[in-house]
Amino acid sequence: MDIKACYQNAKALLEGHFLLSSGFHSNYYLQSAKVLEDPKLAEQLAKELAKQIQEAHLNIECVCSPAIGGILAGYELARALGVRFIFTERVDNTMALRRGFEVKKNEKILVCEDIITTGKSAMECAKVLEEKGAQIVAFGALANRGICKRVHSHLKAQEGACLPSHLPLFALEDFVFDMHKPSSCPLCTTSTAIKPGSRGN
């Protein structure tokens with residue numbers, strides 16, 4: 001399955017000057033919501049991701065995603081794996097588990113995002129779950145921005161990667177674009193970064 005073509009065909013690979021949720025600036029932005037608005041395509045992508053996870057013989061009892069971006073991807077992945085789905089959300093800028101969701105002690109959970117850049121949001125989600133007694137066994141995403149190391153990729157973890165090296169990251173594709181710290185972003189000399197939809201939006 002050509003993941004890059006899926007994003008291009010859905011007009012989900014945007015070009016411009018963007019402020020990513022990780023804090024980095026980039027000339028490209030992946031808008032997974034445009035890909036996932038097609039239920040059949042969302043199901044196909046989730047099944048492809050689930051196949052990787054199943055081949056790794058991991059025991060996963062639940063999928064959890066940080067809201068809002070990860071919810072559709074996480075729900076479809078949980079459906080493909082045949083496990084329950086929950087999500088965390090921000091309350092006063094702090095990640096929390098609400099809406100009656102609970103986790104069992106030592107429940108094995110995979111944290112799923114639509115896109116993994118540094119993995120910061122995924123780790124905030126994981127921390128909430130671990131504090132409630134759950135066991136994080138893996139991370140998943142439709143796409144990886146190339147900072148974190150994923151299973152089946154030759155790319156190594158880069159500076160800024162937040163995901164722990166001892167847990168696997170499963171993703172369908174690496175999208176490696178130039179990313180800049182705001183203090184040294186060359187794009188800022190000619191334009192202002194826009195935030196197309198993530199934290200605080």
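Just so you know, glycine gets a Cβ as well, placed from its N, Cα and C.
Feature annotations, courtesy of Swiss-Prot:
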BINDING   Glu113, Asp114, Ile115, Ile116, Thr117, Thr118, Gly119, Lys120, Ser121  5-phospho-alpha-D-ribose 1-diphosphate binding site
BINDING   Thr117, Arg145  orotate binding site
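Everything Swiss-Prot records as a feature, shown here on the structure.
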residue: Glu113; record: 5-phospho-alpha-D-ribose 1-diphosphate binding site; DSSP (3 states): strand
residue: Gly119; record: 5-phospho-alpha-D-ribose 1-diphosphate binding site; DSSP (3 states): coil
residue: Arg145; record: orotate binding site; DSSP (3 states): coil
